[in-house]
């Protein structure tokens, strides 16, 4: 006996960053949301920073899926996200002041681990302790993301569902706080965190969160089976993935496409198309190896051009991003671990006016040549990039929406990226504006 569904299931797209984050995922998620009925965050926390420019108005989102800017689209925060209720409501209130309806459209998994004040305190105190001891800082955002994931893996985390049971929450919180205050005061020489303050704030947030709590896994599976197209919105980037990134200079979650299934509660067969977002050059925030890094602080250099014209400052932290040439060997690694279906190249317009462009196709490592990024920060630190030189272009590409309107040199640059990485370019972004996008192949129709 064979079951036959009466409605065709929806098609789903996963959007991931292929570099060290800040690739422009937010704009592309917003653009693709026009063809989807639900947008899902599946990992990370409010350390993410997605900037959208709609009708000239800039909006920065850190926790809520970018689809919130499209009326009628449902937004989901999956179990793979670590949730700061304080930051969530700060973001909700900001959107509501701008006239965006949020609460009736946002569904939050009851299985999300909570980020509480002691997590951020641990994050900040550890970085200070490393610096004082002469150890390199990891470069965390200080938001408590890592410590919250530690509690999850150690099976002691407080989760969103615990907020429904005040007595249970209080008992778990007291035990957890005893542990973390011991570390804060005895090892990191930082102040203790007060139980009553944390508990009272959590109970205030509990009442506000209850209407949005949901079995996100079931809702996503039901919606897709009934024909809804879903968009899974990755945060950070592949080279910040805790397993596949430049460890230990990474975030504390899996940023790769495969985690969209585990972090949202859907089967891997529901991930139909994987779109890798990559800048037309490279950037990185914080410490860690960066083979193609340029001098981005000295005026009248290419690196300075990328930094200033590209407005390369972090959305979440405001820190300057390090800048460098495009790294196709790095992108090969990202394509491999994500199973990319296609690429979207962002910030092509930032390269306007650069006379000569360099593209890294591989590295020299300990006397040998490799055409793919090695595993591990120590090996990557020793990599010497091997460059191809390509002609730049003087014409402006800002706002171009048709591929054949791009300068010939820009087309050649993009074609070479495809050749070296083996991944087709399906979309190109030519400014932060939602409408300044070239579509070569629609992920929802591919």
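Even glycines carry a Cβ here, placed using N, Cα and C.
DSSP gives residue 51 (GTP binding site) a strand state. Of all Cβ atoms in the protein chains displayed, 18 besides its own lie within 10 Å of the Cβ of residue 51 (GTP binding site). The GTP binding site annotation in Swiss-Prot covers 21-27, 49-51, 321, 347-349, 429-431.
Secondary structure at residue 22 (active site, proton acceptor), taken from DSSP and collapsed to helix, strand or coil, is coil. What Swiss-Prot records for 22 is active site, proton acceptor, and it gives sequence analysis as the kind of evidence.
The secondary structure of residue 319 (IMP binding site), as reduced to three states from DSSP, is coil rather than helix or strand. Here Swiss-Prot flags 22, 23, 24, 25, 47, 48, 49, 50, 141, 155, 236, 251, 319 as IMP binding site, drawing on sequence analysis.
Its own atom aside, the Cβ of residue 22 (active site, proton acceptor) has 28 Cβ atoms within 10 angstroms in the protein chains shown. Swiss-Prot lists 22, 49 with the feature Mg(2+) binding site.
Among the features that Swiss-Prot reports, active site, proton donor is placed at 50. Within 10 Å of the C-beta of residue 50 (active site, proton donor) we count 25 further C-beta atoms, all protein chains included.
As annotated by Swiss-Prot, substrate binding site applies to 315, 316, 317, 318, 319, 320, 321, with the evidence given as sequence analysis. Remark: residue 319 (IMP binding site) has 285, 286, 313 as non-local neighbours, by Cβ distance under 8 Å and separation of at least 6 in sequence.
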About how far apart, in whole Å, are the alpha carbons (Cα) of residue 236 (IMP binding site) and residue 27 (GTP binding site)? 14
Mind checking which of 21, 49, 318 has the fewest other CB atoms within 10 A of its CB? They're the binding-site residues. 318
Whole-number Å only: compute the distance from the Cα of residue 47 (IMP binding site) to the Cα of residue 21 (GTP binding site). 11
Among all chains shown, work out which of the binding-site residues 27, 321 has the most CB atoms within 10 A of its CB. 27
Taking the Cβ of residue 320 (substrate binding site) as centre, how many other Cβ atoms lie within 10 Å? 14
Closest to residue 318 (substrate binding site): which of the recorded positions 21, 27, 49, 50, going by Cα position? 49
